[in-house]
Amino acid sequence: MGKVVSPNLSKVESDSISRHRRGQSPTTDHRHKSISSITPSDPLTVTLPADEFTLQRHLGLSSGVCLIIGVIIGSGIFIAPKGVLEHTGSVGLCLIIWALCGIFALLGALCYADIGTAIPRNGAEVAYLKEGIGSVHPLAGDISAYLYNWTNTFILKPASIAVLTTTFAKYFLLGVMDSCGPPDELIQITAIFIILTLVNINSLSVSAANRLNIVFVICKVLTVMTVIIVGMIRLGQGKTEHLKNGFEGTTKTPLGVSLAFYSGLWAYDGWNSLNSVTEELKNPKRNLWLSIVLALPALTIIYVFTNISYFTVLSKHELLVSDAVALSWGDVVLKGGVSVLVILISISALGSANGTLFAASRNCMVGAQYGYLPEVFACIHSKRLTPLPSIVLQGFIAIIFSFVNDIEWLIDLFSFAAWIFYGLTFFATLCCKSTKKDVERVLSVPVPLIVFMIIVSTYLVIAPVIKEPQYSYLLVAAVILFGLVFYYPFVYLKKELKITKQVNAFLTTFFDLHRAHISI
């Protein structure tokens, strides 16, 4: 398991993340290189020996943009408008929140691009917390990275995948069934089937998962552009009655606005997805930040105009009582053709689930490479070069979450936990500004901007707890801290159960797995 690194160790020792457990299984007992032993002056241009098992760099600029768009445009823009309007109280403030959420997502992504060039690893937050905060205080960095990996593996990504696949199932079945709608049991069964399908595709081929994502992106853009174009036509026809007196009914409680940000930022979630696959990105110096700059401003404009289109059709009351905002919009505008829109929306959610699973498995794998999960999850398939164990683990936990019926509860649960670690990652970016001054950065984010994002993250974590205290927030905090029970024996002391060794040995042999070397 992982080991806390003393600041007095040599560079080679302190940078190494491939540490052997005592009594490691023979199937994974081979020599692992340290990062420093394969890292030249420019760590982003390393070419590893051909005989090592590594994830391949197959994502170019267009694939990077498609990954960001593919993960972000899911079910959020079709569900979240209700939550944003409910907590803002007015159309005007609702639209402002949507724009601000896009700006916050862009600023956050730029901060991630900054630290991503300083620490060019897959895994995003796992690597950034470990090596960013760890560059100032090794133990704090190790614990924060471990707790993120624990939370991300067992709450954040599986919950997001469950929400997206459940949304796909709900919308798809609404599109193909009669007006009575599908029963909850059928929605759950369909969601589970979709999770299993995505697990198989991502396990079999990285290229197939990437090509599938591009197809999904095309469907997503067509869907939102349809909504926007119809909305612009209606504006030209003078359908502006719901947009007049835009700030009437605006909430007077600043703390309540944080809940509106939760719903809006959930729709933008995925702004950090490309950082999870940095080791698979061609020319990350250029393509990481450029993909972000191309994707997020365009998405902000798309989201704002999509909401304007909703208000050209639906009043505040109609939008708030709707369980499916896009469907209510389509009933009025498209009438008999609404089923086509519903199916396109379902495909949009499915594409986001595929991208989320793709990124989540990489986070899981990097966590295992640091020793935060059993050794088998640090492995990739020797022929297909996919992180098979991590993909299966994320899919299995997502299936468990798919039995939760309350999607809004899952959204709040996801957002609360996510912004705790987003804030810590911004702090890690700040740490790297002083500890990694000599690292070449194509994009250097000003320190005041990083501090601003730390303040935003703190507000988004604290304000909802004060405004609307819920047991779910306490539950999330308890689950996060519960991870420390396993940290001390299995990570700090590097203990390993005999059965874990046996399972690792069996799985690596049976599925032809090999530990992935670091591709930086």
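Start at 1 and count along the chain as shown; that gives each residue its number.
Even glycines carry a Cβ here, placed using N, Cα and C.
TrEMBL: automatically predicted annotations, no manual curation.
These figures come from a predicted structure and were not determined experimentally.
Noted in TrEMBL for the protein shown:
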- 1-40: region 'Disordered' (REGION)
- 59-80: transmembrane segment (TRANSMEM)
- 92-115: transmembrane segment (TRANSMEM)
- 154-174: transmembrane segment (TRANSMEM)
- 186-208: transmembrane segment (TRANSMEM)
- 214-235: transmembrane segment (TRANSMEM)
- 288-312: transmembrane segment (TRANSMEM)
- 332-353: transmembrane segment (TRANSMEM)
- 385-404: transmembrane segment (TRANSMEM)
- 410-430: transmembrane segment (TRANSMEM)
- 442-466: transmembrane segment (TRANSMEM)
- 472-493: transmembrane segment (TRANSMEM)
Do the transmembrane segment (385-404) and the transmembrane segment (186-208) come close, with at least three CB pairs under 8 A (pairs 6 or more apart in sequence)?
yes
Quick one: do the transmembrane segment (214-235) and the transmembrane segment (332-353) reach 3+ CB pairs under 8 Å, ignoring pairs fewer than 6 apart in sequence?
yes
Interface-richest range of 59-80, 92-115, 186-208, 288-312 toward the transmembrane segment (442-466), CB pairs under 8 Å
92-115
Mind pulling out the one from 59-80, 92-115, 288-312, 332-353 with the most Cβ pairs under 8 angstroms to the transmembrane segment (186-208)?
332-353
Contact between the transmembrane segment (332-353) and the transmembrane segment (59-80) (at least 3 Cβ pairs under 8 Å, separation 6+)
yes
In the same chain, residues at least 6 away from the ends of the transmembrane segment (59-80) whose Cβ sits under 8 Å of its Cβ atoms read 163-164, 167-168, 171, 210, 213-214, 216-217, 220-221, 224, 263-264, 266-271, 273-274, 277, 280-282, 286-288, 290-292, 294-296, 298-299, 302-303, 306, 324-326, 345, 348-349, 351-356, 358-359, 407, 411
